[in-house]
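Below is one structure, written out as C-alpha cells; the observations come after it.
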Amino acid sequence: MANDNGTLTVRKSPSRSHSPSRLLSPGRLAAQNGDWENASTISSPASIPEYTGPKLYKEPSFKSNKFIIHNAISRCCLAGKVNEPQKNKIVEEMEKSSANHFLVLFRDASCQFRAVYTMNPETEEMVRLIGFGPRVINPTMVESIYKYSSDRKQFTAIPSKTMSMSVDAFTIPSHLWERKRPGTPKKLGTPK
C-alpha cells in the first residue's frame, strides 16, 4: 500500500503460523471442520504405507557380568598378594565356564567371600562353580542381595528379595551354613 507522502507501507495479513491447526493432518483438519465422511477415508489404515525399516524389537540378550565379578573378586573380595593363588584359581574356573551370569556368595552381611555361583536365568537356580557353600541354591534360600559398584569398589545391599540378572552377590541364612555331619558319638568324660 502507498501512503499520501509516497512511502510504501507493507501490511501483513493475520498469520496462522502459531495456530495448532497447521500441525494437523488433512484428515484431522477435515474432522475438525466437521467433514467427518472425508476424514475417515483420508486417514484410513490402507493409505498408511507399511514400515519396512530396521526391526525395532530385539530379543532380550543375557549380557555377561563375568568382567564385573572378576573386578569384584580382584579389587574387593580377594584383593592383595596374600589372596593371589585363590583369586587366580577362581578366575580360571570362571573362564572355563560357559555361563553368562556369575554371583558371589557371602558368609553374611559383612561381605566375607565364600564362593562363586552361576545362575540359570530360566530357573533362577544357582549352582556352585568354586568355593565353599551349598552345591545348589534356589531363590527361596537367599537372605539378602547385593550389587557391585565398580567405581566405589564395594558391594551395596539392594532392598529386594527378587533374584535377577542385575544381582552380583547374595547371602544365605546362617542355619544353612551349619554342616550336617553323620552322628559321631561324643566321648563321655570318665568320673574321677
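Count begins at 1; order follows the chain as displayed.
Backbone N, Cα and C atoms are what each Cβ position is placed from, and that goes for glycine too.
The model shown is predicted, which means the values in this text are computed figures rather than measured ones.
Noted in TrEMBL for the protein shown:
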COMPBIAS  1-12  compositional bias 'Polar residues'
REGION    1-44  region 'Disordered'
COMPBIAS  16-29  compositional bias 'Low complexity'
DOMAIN    53-187  domain 'CKK'
Exercise for the section: Sort the residues of the domain 'CKK' (53-187) into helix, strand and coil with DSSP and give the three counts. Expected result: 31 helix, 34 strand, 70 coil
Exercise for the section: Could you pull the average pLDDT for the domain 'CKK' (53-187)? Expected result: 86
